[in-house]
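Straight from Swiss-Prot, the features:
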DOMAIN    9-254  domain 'ATP-grasp'
BINDING   46, 53, 54, 55, 109, 112, 117  ATP binding site
BINDING   209, 223  Mg(2+) binding site
BINDING   274, 331, 332, 333  substrate binding site
């Protein structure tokens, strides 16, 4: 689960991290009062959407010469003018895709005099099975580009969960960022604070880009992105309360109600699979044969007939879907239950696109018999390769 920048900063501030004063607003009428609460005279007006690249983004409605989604303002009047310009319009960034995201809230923040911009993130490093800091002196820019062109400028430091952030870790991180004086002292206080927040709140990513050294020598969290482990949300009611469903795909929200793992993609072949690994393999083979998956959908290992029906409804709710591939390996889940769920869904939604079903495992012969004797226009496949070729051919021939 993702949250907005202003929410992430409030959370980090509660742990003691140095962040600027700021006020979130939801209408342009609130802009003047918000700005007057801040010291000034420099302000930053930030679009709040769940996507990166806001500063370089462009508003659809304002034309190519308009300013981006993060703007400096040197007076309260400029803050108000920018708020009117930005709220309600659609911001397109490299992460939103061409559709963009509507800006429904802004964060008005006190400006800072920046000397250096650094990069810091905390994530789970699965290669070593530990939480790790990733830092770079190249902050304020695309860290992926840094990793590609100058990987030597990125330093990763894994943290032993039994010891926490040690003095040795602090020295390594501060040295990697070339910090001295007050900035180094600030950083050595900040790193354990961020680690504590990451672990206690079950985050999956905490990214500060940039982490800045100001001209007065002090450090500040200038931007913050936080993602949480969805499997741990049951023990964090305060985090769940921060969820903004307007930033999420409607189909993903619906899927979460039925405990379905669904992610919308840009292709035209809908997929319903049990097991994340099999789902990824299914998407890979669809791409191998020249098509694109419309979604990732894992119905899990013990899905009921009703759950399968709901999964089918979610897939068919996407107008981009021109064909559907169901790929099920029945272990805990029985193939006859899947077959009945698929057929019930086909009848209920009045399916108008090609459907290929590949079943294997428990009660597979009974499952195939149910499908073959249904009288419905369902294409049966013997294996995954056969299934992928059949659905791609059916979609391209439609």
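Yeah, the Cβs are placed from backbone N, Cα and C, and that goes for glycine too.
Bear in mind that the values here come from a model prediction, so they are computed numbers and not experimental data.
Around residue 112 (ATP binding site), the C-beta neighbours below 8 angstroms that are at least 6 residues distant in the chain are 20, 42, 212, 214, 220, 222.
Predicted-model confidence for the domain 'ATP-grasp' (9-254) is 95, expressed as mean pLDDT. The binding-site residues shown are 54, 55, 109; of these, the one with its CA atom nearest the CA of residue 274 (substrate binding site) is 54. Counting only residues at least six positions away in the same chain, the Cβ atoms of 5, 6, 54, 69, 70, 71, 106, 107, 108, 109 sit under 8 Å from the Cβ of residue 46 (ATP binding site). Maximum intra-site Cα distance, ATP binding residues 46, 53, 54, 55, 109, 112, 117: 20 Å. Figure note: comparing Cβ neighbours within 10 Å for the binding-site residues 332, 333, the maximum is reached by 333. Spacing of residue 223 (Mg(2+) binding site) relative to residue 333 (substrate binding site) is 45 Å (Cα to Cα, whole number). Listed in sequence order, 139, 140, 141, 210, 211, 212, 222 are the same-chain residues six or more apart from residue 117 (ATP binding site) with CB atoms under 8 A from its CB.
When each of the binding-site residues 209, 274 is scored by how many other Cβ atoms sit within 10 Å of its Cβ, 209 comes out lowest. For the pair residue 209 (Mg(2+) binding site) and residue 332 (substrate binding site), the Cα-Cα distance reads 44 Å. Note on residue 55 (ATP binding site): other Cβ atoms within 10 Å of its Cβ, all shown chains, come to 16. Counting only residues at least six positions away in the same chain, the Cβ atoms of 93, 94, 95 sit under 8 Å from the Cβ of residue 53 (ATP binding site). The CA atom of residue 331 (substrate binding site) is located 49 Å away from the CA atom of residue 55 (ATP binding site).
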